[in-house]
Each structure stands twice: as C-alpha cells, then as structure tokens.
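Taking it in order: structure first as structure tokens, then the write-up.
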Amino acid sequence: MKINKKQIVFFILFSIFLNHVNGIFYLPGMIPHDFAQGEEGAIKVNKITSVHTQIPYKYYQLPGVCQPKEGIIDDTENLGEILLGDRIENSDYTFNFLTDGGKCKVINSESCSPIIKKEDLKVLEDRIQNQYRVHWLLDGLPVRQTGRLASDPGFDLGFMTLAEGQTVATAEKYLNNHLEITIFYHSNPTDNTSRIVGFEIFPTSRQYKKVENWKGDTGDDCPQYGENFEQLSVSVKEGEDQERFVLWTYEVKYTPSPVLWNKRWDIYFESNDNSVHWFSILNSLMIVFILTVMVAMIIIRTLKKDIRRYTSIDTSEDRDSQEETGWKMIHGDVFRPPSHPMLLSVCIGSGVQIFSMTLITMIFAVLGFLSPANIGGLATALIVLFVLSAMFAGYFSTRVFTIFKGRNWKKNTIYTALSMPGIIFGIFFFVNMFLRGAKSSAAVPFGTFASIIAMWFGISVPLVFLGSYFASKKPVPEDPVRTNQIPRQVPDQIWYMNPYLSILMGGILPFGAVFIELHFILTSLWDNQFYYIFGFLFIVLMILIVTSAEISIVMCYFQLCAEDHHWWWRSFLTAGSSSLYMFIYSVSFFRYLGITKFISSLLDFSYSFIMSLAFAALTGTIGFYSCYFLVRKIYSSIHIN
C-alpha cells in the first residue's frame, strides 16, 4: 500500500488533535481506586496562585522547597491544563494508607538544604504578601484548607500579622512549613479496601531548632519543636540574621466518612447562592415575558393588520393608510446589500461558530460528560469544539455573503478562517511573552503553540473552506421584493431612533440577562474557584438567546417603521452591543481584586476583550438572523405592484 505525503500530514494532524481530545469527556462515577491498608500513596503538587497577581507559578519554583529524590516527573497534561497554567508533578509527600497516622515526617533530605538565603527569603516574603495559595492533588481530588469553603481550593503558603501602624508591606510574614494532612476515606467492608473521598490540609508555621551541619539524618521523625512554639518568620530586617533554618514537615491522619466515592465532588460545588441564581433567572424571565408580549403585539396586531390592508383592494383610503405606515414604503430598499458586506458576513460566520461551540459544550456539561476531576477538560472541550465548528463558520459566512450579492466567496472564506482565530491567537501570543518574562507556569511552551497552529491551519481552516464550498453550491434565496436602482433617502429620525443611541439601548437587556451569572463566572475565573453550576448557566443561555432575538426584532421593527432601510448592520449591533457592557463590567470587576501590577492588568484587559468579542459575535448573530427572518416574512406576505 502506497502512502502519499498528504496522508502522512493528515495522520500527524489527526494524532495531535486526538492527543488533545483524549480524556476531556468522561462518564461520572468511573475508575475509582481502592486503597488497601498499608498501600503507599503520594500527593501530587500543582501550581501556586494569587488573586492579587493572577500570575501562577510552578510549586517547585518556590525557593527552599524540596524536590523529589527521584527527580521531578511531569504528568501528561491536556491542552486546557497547559493554557490554565497547571503543572502537575510528583512529590515526596507520601503516606502508607491507614498505618502511619499521626506520625510527623521530614521532607528535607541531605540533598535539600534547610538553609534559605536572604534573596530567597525575599521571594517567599513577596509570595506571602500577595497571598499565594498552594494547589495539590490526591487521587484526583484538589486540596482544600481546613476551615475554608471547599469551593476555594488550595491552602495558604503563609500568613501576615499586622501590628499597629504597620502596612501590608511592613507586616511580619510567616511561612507555613508544617502541614497537617487529613485524608477522608469510605470503607468497603466486603474486601477490606477503602476509597479516598476527601483531602484537607491545615497549614501551620513552625520554627524548628536549628540543626548544625545538616546531613538529613533526622530519620522520619521531626526534630524538636521550639519550647515557645515559635512561628517561622521569613521577614528579613536590617541587622538581623540574613538566613533561615526551614524544615518542611507533615503528618497524616485518617478520618472515616459516610460520603460515597461518586459523591465526593459534591462538597466542592456546594453553594449558598442558589437563591441568587433563581432570583436572577426569574428576573430575566420577566424581561423575556415583556419582550415576548411586545413581539406578539407587533406580529399579531400591527403586522397582520398592515398586511391585510396592503393586500386588500387598492382604494384611496388604503393608499392613505399605506402612506401612514413606514415599513412598506421602503420595500424597494430593504434588501439592498449593506456597506462592508464581507465584514458583516465574516462576523456572522464567527458568531455561528461561537454559538455552536457554546451550545454543544453546555449540553455535554449539563449531561455530566465533562469531568470536574479532569483539570482543564472544560477549556480543552471549548477549544476542540471551536475548531470543529469552523465548518459552520464557513458555511454561514458564505451563505450570508451570497445573500449580499457578493461574488468573491473565496476571499470571504479566507477572512472567516483567519479573522476571529487570528485576533484571539495574536492577543494570546502577546500576553504570553509577558508571562514568559515573569517565568509564570501560565506561559505556554513552544510545543503547545505548534499544536495550536497545527489545529488552526490543519483542521480549522480546511473545515472553513469545506463549509464555504457547500454553501457556494446552494442556490441564493430570492428576495421577496425587487430592489430599486436608486437608494431611497432616509428621513430625519426621532431622537430615540438615533443609530448610536438605539444600538446602546438594545444591548442593555441581553447584558442584564447574564449579569448575575457573569459575576459568578468572573469570581470563579479570577479567584481560582470552582464553577460547575451548568444547569443555571444553560437556563441563562436560553434566556440570552430569546432576549437577544426579541430585542433585535423590536428595534428592527421600529427602525423599519421610521423608514430607515439600513437594518443589516443595526440588527447585528443592537444585541451585540451588550458586549460593551460586559467588557466594562469585566474590567471594573478587576478593581475588586485590588490588582496593581502591569502584567496582571494586561491579563485582565486582554482576556476581558476576548470574552467580550466572542459575546458580541454570539449575540449579534442571534439578533441578525432574528431580524432577517422577520424582514423576509413580512415582505413576502404583501403584494407589490
């Protein structure tokens, strides 16, 4: 069998694609691990994060922490984990299940010096001042700090004490070097095995007595703890000792739990805010109801009455009525192609692509096929589905372009394939340079960039062309009415129908429909918390679709009645302007985090812009098609001589 170059290239690209797809979907409740008594287990370390900087780092980038004796081994990570800055690695924090409870162990070995110099102490002090939290994993469960909400994962790297007259910068910083680990387990009496159903850490600070000529020979037992139970300060002041003796120690205790293995994630998603979600949904449903009544009045009462009038016998009374109604008077211009038709068709294609990605992801999430245990699975699913939805982008972009009487559909296809992905990739690449300069774990390695580019040009672009090809072969739908050769002049508009004002007014209601849920999403995103209430989010998405469609229909009808036939772009921008409010809110939300660093602000501005751009394409496309079907319906229902 002869294999040509095209088959080899396709096989390579398909392998890259499958490598990122593998594992993002799972069936809840599968693949538990049964621990036997005495079985050795190990904790895996991940990243450290801060809500005040938004710049994650690898755990082993912390100065003074002990690396594993066997060397650092990275877990295989999916695309979403890499983009989110997760770097899961092995550690020497081990345990023998149910047999070593309460025993204090030392991590430091002969190769891991307990002496931390002044320069490294300054780094630790900075991390504690910025309230960095440490993220670990055990049996796929993220660690949570004892006494904290489970939705707020990780444990404190250290803490500060503020004396009177001190600021955060001058406060004493203490390092949490001793960890009290609690493993919750559910026993299976039939085979004397157990499953881990919970993982907590209570971090404390211990100033151990200095051991001279350290050789790592303390054994497993912790050395003597100071009689006054002093805490380990990492704050370095002039005239004081410029180094610290730091031992990393831990102890494990085991607690039986009635929680079943397939319910162990429930505690991470418990929320006291369900009433807020329901209030938001009910409030949005009231808006939808009001808009639905308005649309019904327009279609049933006004339009049907007008259509019956126009299709009746042409009397002088009818002619007078026709002159009073504006939307029929612009029938010769209403299907005139808009300005910049290619740009609008590209926006529509991108909007359909984002809509498809969002809807399919939400369906999988609601059905439970996106695993919370698979870190980065949701982000990977979004990227993969965005790539696969490129075919819809090509099809609908070309379809709209041919409706606009466009001829160069191949050029339109190229713009569709490169515009939205290119903007996102360009912003991401620019931000990544700063993250790489900061040595953050969120900096994407070259290999991942190569994979993204391969997926873009090897899968997404061909799918766009494939969709465009199918669309170009379909006949162009005929307009219900003929377009005049000379454009009709638009009369002066009343103040509230000013294009800029009406567009800005139209975006308020779609934004209002998602406002509350947006707050929870941003809190989850920037506070490194869990967000998994996709049932509420799916309802909000449906409300957003209906709201965007109905507000666009209402505003479009008012525009046509005002004899303004430039409705193509306005139908897209009316609902799409909600993204402006989203961007303003997202940027202002950052002030709540108290961030002042340039890179952190750049991250917020860039990611808020990407999110708002996608939201504009999504809502704008919904508004466009709603108005398009309305206009075709009403003008195909009347007879024009």
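Cβ atoms are placed via backbone N, Cα and C, with glycine included.
As given in Swiss-Prot:
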SIGNAL    1-23  signal peptide
TOPO_DOM  24-279  topological domain 'Extracellular'
TRANSMEM  280-300  transmembrane segment
TOPO_DOM  301-349  topological domain 'Cytoplasmic'
TRANSMEM  350-370  transmembrane segment
TOPO_DOM  371-374  topological domain 'Extracellular'
TRANSMEM  375-395  transmembrane segment
TOPO_DOM  396-413  topological domain 'Cytoplasmic'
TRANSMEM  414-434  transmembrane segment
TOPO_DOM  435-445  topological domain 'Extracellular'
TRANSMEM  446-466  transmembrane segment
TOPO_DOM  467-502  topological domain 'Cytoplasmic'
TRANSMEM  503-523  transmembrane segment
TOPO_DOM  524-532  topological domain 'Extracellular'
TRANSMEM  533-553  transmembrane segment
TOPO_DOM  554-578  topological domain 'Cytoplasmic'
TRANSMEM  579-599  transmembrane segment
TOPO_DOM  600-608  topological domain 'Extracellular'
TRANSMEM  609-629  transmembrane segment
TOPO_DOM  630-641  topological domain 'Cytoplasmic'
DSSP helix/strand/coil residue counts for the topological domain 'Extracellular' (600-608): 9 helix, 0 strand, 0 coil
Secondary structure content, the topological domain 'Extracellular' (435-445) (per DSSP, counts of residues): 3 helix, 0 strand, 8 coil
The topological domain 'Cytoplasmic' (396-413), counted residue by residue under DSSP: helix, strand, coil: 13 helix, 0 strand, 5 coil
Highest-contact recorded stretch vs the transmembrane segment (414-434), from 350-370, 375-395, 533-553, 579-599, 609-629, CB pairs under 8 Å: 609-629
Highest-contact recorded stretch vs the transmembrane segment (609-629), from 280-300, 533-553, 579-599, CB pairs under 8 Å: 533-553
Outside the topological domain 'Cytoplasmic' (554-578), six or more residues from its ends: residues with CB under 8 Å to it: 291, 294-295, 298, 302, 325-327, 329-330, 333-334, 336-340, 344, 347-348, 488, 490-491, 493-494, 497, 499, 502-511, 548, 615-617, 619-624, 626-628, 630-631
Same-chain residues at least 6 beyond the ends of the topological domain 'Cytoplasmic' (467-502) whose Cβ lies under 8 Å from its Cβ atoms: 330-336, 390-399, 402-403, 409-410, 412-413, 416, 555, 558-559, 562-566, 570, 574, 632, 635-636, 640
Residue numbers, six or more beyond the limits of the transmembrane segment (375-395), whose CB comes under 8 Å of its CB atoms: 17, 20-21, 23-26, 46, 77-84, 86, 88, 349-350, 352-354, 356-357, 360-361, 364-365, 413, 416-417, 420, 455-456, 459-461, 463-471
Contact ranking winner - 280-300, 533-553, 579-599 against the transmembrane segment (350-370), Cβ under 8 Å: 533-553
Tertiary contacts of the topological domain 'Extracellular' (435-445) (same chain, 6+ residues out, Cβ under 8 Å): 47, 55-58, 61, 82-87, 428, 599
DSSP helix/strand/coil residue counts for the topological domain 'Extracellular' (371-374): 0 helix, 0 strand, 4 coil
For the topological domain 'Extracellular' (600-608), distant same-chain residues with Cβ under 8 A (at least six beyond the ends): 52-55, 427-428, 430-431, 434, 526, 582-583, 586-587, 590
Helix, strand and coil totals (DSSP H, G, I; E, B; other) for the topological domain 'Extracellular' (524-532): 3 helix, 0 strand, 6 coil
Residue distribution over DSSP helix, strand and coil in the topological domain 'Cytoplasmic' (467-502): 14 helix, 0 strand, 22 coil
Tertiary contacts of the topological domain 'Extracellular' (524-532), as residues 6+ beyond its ends and Cβ separation under 8 Å: 49, 51, 54, 133, 135, 151-154, 268-269, 372, 589-590, 593, 604
Positions on the same chain near the topological domain 'Cytoplasmic' (396-413), where near means CB under 8 A and six or more residues out: 337-338, 341-342, 344-346, 348-350, 352, 464-465, 467-468, 471-472, 474, 476-477
Secondary structure tally of the topological domain 'Cytoplasmic' (554-578) (DSSP, helix then strand then coil): 18 helix, 0 strand, 7 coil
